[in-house]
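Worksheet: the structure to be examined is printed underneath.
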(Lines of atoms letter the chains of each structure in order from A and count residues from 1; the text may use other names and numbers.)
(Lines give C-alpha, C1' and ligand atoms only; values in the text may rest on other atoms or scores of the structure.)
Protein backbone atom coordinates (compact mmCIF):
# COMPACT_ATOMS: atom_id res chain seq x y z
CA UNK A 1 0.00 0.00 0.00
CA UNK A 2 1.17 3.48 -0.86
CA UNK A 3 0.58 4.84 2.65
CA UNK A 4 3.01 2.28 4.04
CA UNK A 5 5.63 3.25 1.46
CA UNK A 6 5.25 6.93 2.33
CA UNK A 7 5.66 6.27 6.06
CA UNK A 8 8.57 3.89 5.46
CA UNK A 9 10.50 6.34 3.27
CA UNK A 10 9.67 9.52 5.19
CA UNK A 11 9.88 8.35 8.80
CA UNK A 12 11.10 4.79 9.44
CA UNK A 13 14.14 4.99 7.15
CA UNK A 14 15.17 8.26 8.81
CA UNK A 15 14.80 6.71 12.27
CA UNK A 16 17.72 4.47 11.30
CA UNK A 17 19.82 7.56 10.66
CA UNK A 18 18.75 9.04 13.99
CA UNK A 19 19.69 5.77 15.69
CA UNK A 20 23.18 5.94 14.18
CA UNK A 21 23.54 9.53 15.44
CA UNK A 22 22.71 8.42 18.98
CA UNK A 23 24.99 5.38 18.71
CA UNK A 24 27.99 7.38 17.49
CA UNK A 25 27.95 9.43 20.70
CA UNK A 26 29.59 6.55 22.58
CA UNK A 27 32.58 6.46 20.20
CA UNK A 28 35.57 8.86 20.41
CA UNK A 29 35.35 11.67 17.87
CA UNK A 30 39.09 11.66 17.10
CA UNK A 31 39.27 8.11 15.75
CA UNK A 32 37.46 8.59 12.45
CA UNK A 33 40.14 6.57 10.61
CA UNK A 34 38.80 3.50 12.38
CA UNK A 35 35.49 3.99 10.57
CA UNK A 36 37.10 4.32 7.13
CA UNK A 37 35.70 0.98 5.86
CA UNK A 38 32.19 1.95 6.96
CA UNK A 39 32.38 5.36 5.25
CA UNK A 40 33.63 3.82 2.01
CA UNK A 41 30.94 1.14 2.26
CA UNK A 42 28.24 3.79 2.77
CA UNK A 43 29.38 5.81 -0.25
CA UNK A 44 29.77 2.70 -2.39
CA UNK A 45 26.29 1.59 -1.33
CA UNK A 46 24.90 4.97 -2.37
CA UNK A 47 26.47 4.60 -5.83
CA UNK A 48 25.17 1.04 -6.23
CA UNK A 49 21.66 2.11 -5.19
CA UNK A 50 21.80 4.95 -7.72
CA UNK A 51 22.94 2.57 -10.46
CA UNK A 52 20.08 0.25 -9.52
CA UNK A 53 17.69 3.18 -9.98
CA UNK A 54 18.92 3.63 -13.55
CA UNK A 55 17.88 0.11 -14.54
CA UNK A 56 14.51 0.07 -12.79
CA UNK A 57 11.37 -0.22 -14.90
CA UNK A 58 9.02 -0.09 -11.90
CA UNK A 59 8.26 3.45 -10.75
CA UNK A 60 7.76 2.53 -7.09
CA UNK A 61 11.00 0.53 -6.94
CA UNK A 62 12.91 3.44 -8.47
CA UNK A 63 11.70 5.83 -5.77
CA UNK A 64 12.48 3.28 -3.03
CA UNK A 65 16.07 2.78 -4.20
CA UNK A 66 16.41 6.56 -4.42
CA UNK A 67 15.65 6.82 -0.70
CA UNK A 68 18.27 4.16 0.05
CA UNK A 69 20.94 5.96 -1.96
CA UNK A 70 20.39 9.22 -0.08
CA UNK A 71 20.73 7.40 3.23
CA UNK A 72 24.19 6.26 2.16
CA UNK A 73 25.33 9.90 2.12
CA UNK A 74 23.65 10.48 5.48
CA UNK A 75 25.41 7.53 7.11
CA UNK A 76 28.82 8.60 5.78
CA UNK A 77 28.34 12.14 7.12
CA UNK A 78 27.20 10.91 10.54
CA UNK A 79 30.18 8.59 11.01
CA UNK A 80 32.69 11.45 10.57
CA UNK A 81 31.15 13.13 13.66
CA UNK A 82 31.65 16.80 12.81
CA UNK A 83 29.10 19.58 13.41
CA UNK A 84 28.77 20.20 9.67
CA UNK A 85 28.34 16.50 9.00
CA UNK A 86 25.59 16.10 11.58
CA UNK A 87 23.84 19.26 10.40
CA UNK A 88 23.98 18.09 6.79
CA UNK A 89 22.73 14.64 7.70
CA UNK A 90 19.78 16.04 9.64
CA UNK A 91 18.95 18.52 6.87
CA UNK A 92 19.05 15.85 4.17
CA UNK A 93 16.97 13.41 6.22
CA UNK A 94 14.24 15.99 6.83
CA UNK A 95 14.25 17.27 3.25
CA UNK A 96 14.35 13.88 1.59
CA UNK A 97 11.63 12.64 3.93
CA UNK A 98 9.25 15.16 2.37
CA UNK A 99 10.59 14.56 -1.14
CA UNK A 100 10.40 10.76 -1.18
CA UNK A 101 6.94 10.79 0.39
CA UNK A 102 5.77 13.24 -2.28
CA UNK A 103 7.20 11.04 -5.04
CA UNK A 104 5.42 7.97 -3.67
CA UNK A 105 2.20 9.99 -3.54
CA UNK A 106 2.63 11.01 -7.18
CA UNK A 107 3.40 7.42 -8.15
CA UNK A 108 0.12 6.34 -6.59
CA UNK A 109 -1.73 9.14 -8.43
CA UNK A 110 -0.33 7.75 -11.68
CA UNK A 111 -1.11 4.14 -10.74
CA UNK A 112 -4.75 4.91 -9.92
CA UNK A 113 -5.26 6.10 -13.51
CA UNK A 114 -3.02 3.79 -15.52
CA UNK A 115 -3.18 0.65 -13.30
CA UNK A 116 0.49 0.01 -13.99
CA UNK A 117 3.81 1.09 -12.50
CA UNK A 118 5.91 0.33 -15.59
CA UNK A 119 7.64 3.53 -16.68
CA UNK A 120 7.28 3.04 -20.41
CA UNK A 121 3.52 2.44 -20.09
CA UNK A 122 2.85 5.66 -18.16
CA UNK A 123 4.36 8.14 -20.62
CA UNK A 124 2.54 11.16 -21.99
CA UNK A 125 0.67 12.03 -18.81
CA UNK A 126 1.35 15.74 -19.30
CA UNK A 127 -1.34 15.71 -21.98
CA UNK A 128 -3.99 14.44 -19.55
CA UNK A 129 -2.83 15.80 -16.18
CA UNK A 130 -0.78 18.98 -16.73
CA UNK A 131 -1.02 20.07 -13.09
CA UNK A 132 0.29 16.71 -11.92
CA UNK A 133 3.23 17.20 -14.30
CA UNK A 134 4.04 20.41 -12.43
CA UNK A 135 4.09 18.51 -9.15
CA UNK A 136 6.29 15.83 -10.73
CA UNK A 137 8.73 18.50 -11.91
CA UNK A 138 8.95 20.16 -8.49
CA UNK A 139 9.42 16.84 -6.67
CA UNK A 140 12.13 15.71 -9.09
CA UNK A 141 13.96 19.02 -8.80
CA UNK A 142 13.94 18.61 -5.03
CA UNK A 143 15.22 15.05 -5.44
CA UNK A 144 18.09 16.33 -7.60
CA UNK A 145 18.81 18.89 -4.83
CA UNK A 146 18.73 22.14 -6.74
CA UNK A 147 19.49 25.36 -4.84
CA UNK A 148 18.11 26.89 -2.71
CA UNK A 149 16.26 23.78 -1.51
CA UNK A 150 16.93 22.11 1.83
CA UNK A 151 18.12 19.05 -0.10
CA UNK A 152 20.87 21.19 -1.65
CA UNK A 153 21.88 22.59 1.75
CA UNK A 154 22.12 19.11 3.25
CA UNK A 155 24.12 17.67 0.35
CA UNK A 156 26.44 20.70 0.30
CA UNK A 157 27.20 20.31 4.01
CA UNK A 158 27.80 16.58 3.55
CA UNK A 159 30.01 17.25 0.52
CA UNK A 160 32.08 19.79 2.45
CA UNK A 161 32.43 17.46 5.42
CA UNK A 162 33.58 14.48 3.39
CA UNK A 163 35.92 16.59 1.25
CA UNK A 164 37.60 18.08 4.33
CA UNK A 165 37.98 14.60 5.77
CA UNK A 166 39.34 13.03 2.57
CA UNK A 167 39.48 14.89 -0.76
CA UNK A 168 39.30 11.59 -2.67
CA UNK A 169 35.68 11.13 -1.62
CA UNK A 170 34.71 13.92 -4.03
CA UNK A 171 34.95 11.34 -6.84
CA UNK A 172 32.38 9.01 -5.28
CA UNK A 173 30.15 11.89 -4.21
CA UNK A 174 30.26 13.54 -7.62
CA UNK A 175 29.45 10.25 -9.34
CA UNK A 176 26.55 9.64 -6.96
CA UNK A 177 25.07 13.10 -7.56
CA UNK A 178 25.49 12.75 -11.33
CA UNK A 179 23.63 9.44 -11.37
CA UNK A 180 20.92 10.93 -9.12
CA UNK A 181 20.31 13.70 -11.65
CA UNK A 182 20.28 11.14 -14.47
CA UNK A 183 17.64 8.82 -13.04
CA UNK A 184 15.51 11.72 -11.79
CA UNK A 185 15.45 13.18 -15.29
CA UNK A 186 14.76 9.72 -16.72
CA UNK A 187 11.86 9.22 -14.29
CA UNK A 188 10.29 12.56 -15.19
CA UNK A 189 10.67 12.16 -18.95
CA UNK A 190 9.50 8.54 -18.93
CA UNK A 191 6.28 9.27 -17.06
CA UNK A 192 5.32 12.69 -18.40
CA UNK A 193 6.70 13.22 -21.89
CA UNK A 194 6.21 11.44 -25.19
CA UNK A 195 3.08 10.04 -26.85
CA UNK A 196 0.22 8.82 -24.69
CA UNK A 197 -0.09 5.03 -24.63
CA UNK A 198 -3.40 4.95 -22.74
CA UNK A 199 -6.44 4.62 -25.00
CA UNK A 200 -9.15 5.24 -22.44
CA UNK A 201 -9.85 8.66 -20.98
CA UNK A 202 -8.46 9.25 -17.50
CA UNK A 203 -10.02 11.46 -14.88
CA UNK A 204 -8.17 14.66 -13.97
CA UNK A 205 -6.38 15.12 -10.69
CA UNK A 206 -8.57 15.78 -7.66
CA UNK A 207 -8.36 18.59 -5.14
CA UNK A 208 -7.33 16.13 -2.42
CA UNK A 209 -4.29 15.14 -4.47
CA UNK A 210 -3.28 18.76 -5.00
CA UNK A 211 -3.76 19.40 -1.27
CA UNK A 212 -1.63 16.38 -0.41
CA UNK A 213 1.20 17.57 -2.63
CA UNK A 214 0.90 21.10 -1.26
CA UNK A 215 1.25 19.75 2.28
CA UNK A 216 4.44 18.00 1.20
CA UNK A 217 6.16 20.76 -0.74
CA UNK A 218 5.10 23.90 1.15
CA UNK A 219 6.77 22.80 4.44
CA UNK A 220 9.84 21.77 2.45
CA UNK A 221 10.05 25.20 0.79
CA UNK A 222 9.48 26.94 4.13
CA UNK A 223 12.32 24.98 5.71
CA UNK A 224 14.52 25.71 2.69
CA UNK A 225 14.09 29.48 2.97
CA UNK A 226 13.89 29.61 6.78
CA UNK A 227 15.90 26.67 8.20
CA UNK A 228 15.80 28.04 11.75
CA UNK A 229 12.25 26.64 11.94
CA UNK A 230 13.74 23.21 12.65
CA UNK A 231 16.97 24.23 14.37
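Including glycine, each Cβ sits where the backbone N, Cα and C put it.
Database features (Swiss-Prot):
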TRANSMEM  1-21  transmembrane segment
TRANSMEM  34-54  transmembrane segment
TRANSMEM  63-85  transmembrane segment
TRANSMEM  89-111  transmembrane segment
TRANSMEM  128-148  transmembrane segment
TRANSMEM  169-189  transmembrane segment
TRANSMEM  211-231  transmembrane segment
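By the count of Cβ pairs under 8 Å, the stretch nearest in packing to the transmembrane segment (34-54) among 89-111, 128-148, 169-189 is 169-189. Relative to the transmembrane segment (63-85), the listed stretch 1-21 leads the set 1-21, 128-148, 169-189, 211-231 in CB pairs under 8 A.
Long-range contacts of the transmembrane segment (169-189) within the same chain, counting only residues at least 6 positions beyond its ends with a Cβ under 8 Å from a Cβ of the stretch, are 39, 43-44, 46-47, 50-51, 53-54, 56, 59, 62-63, 66, 69, 72-73, 76, 119, 136-137, 140, 143-145, 155, 158-159, 162-163.
When Cβ-Cβ distances below 8 Å are used as the criterion, the transmembrane segment (89-111) is approached by residues 2, 5-6, 9-11, 14, 17-18, 21, 59-60, 63, 66-67, 70, 73-74, 77-78, 117, 122, 125, 129, 132, 135-136, 139-140, 142-143, 149-151, 153-155, 157-158, 191, 205, 209, 212-213, 216-217, 219-220, 223-224, 227, 230 of the same chain, each at least six residues removed from its ends.
Through the fold, the transmembrane segment (128-148) approaches residues 66, 95-96, 98-100, 102-103, 106, 109-110, 113, 154-155, 177, 180-181, 184-185, 187-188, 191-192, 196, 198, 201-202, 204-205, 209-210, 213, 216-217, 220, 224-225 of its own chain, all at least 6 residues removed from its boundaries and within a Cβ separation under 8 Å. Long-range neighbours of the transmembrane segment (1-21) within the same chain, counting only residues 6 or more positions beyond its ends whose Cβ lies under 8 Å from a Cβ of the stretch, are 60, 63-64, 67-68, 71, 74-75, 78-79, 86, 89-90, 93-94, 97-98, 100-101, 104-105, 107-108, 111. Listed by sequence, the residues of this chain that lie at least six past the ends of the transmembrane segment (211-231) yet keep a Cβ under 8 A from its Cβ atoms are 91, 94-95, 98-99, 101-102, 105-106, 135, 138-139, 142, 148-150, 153.
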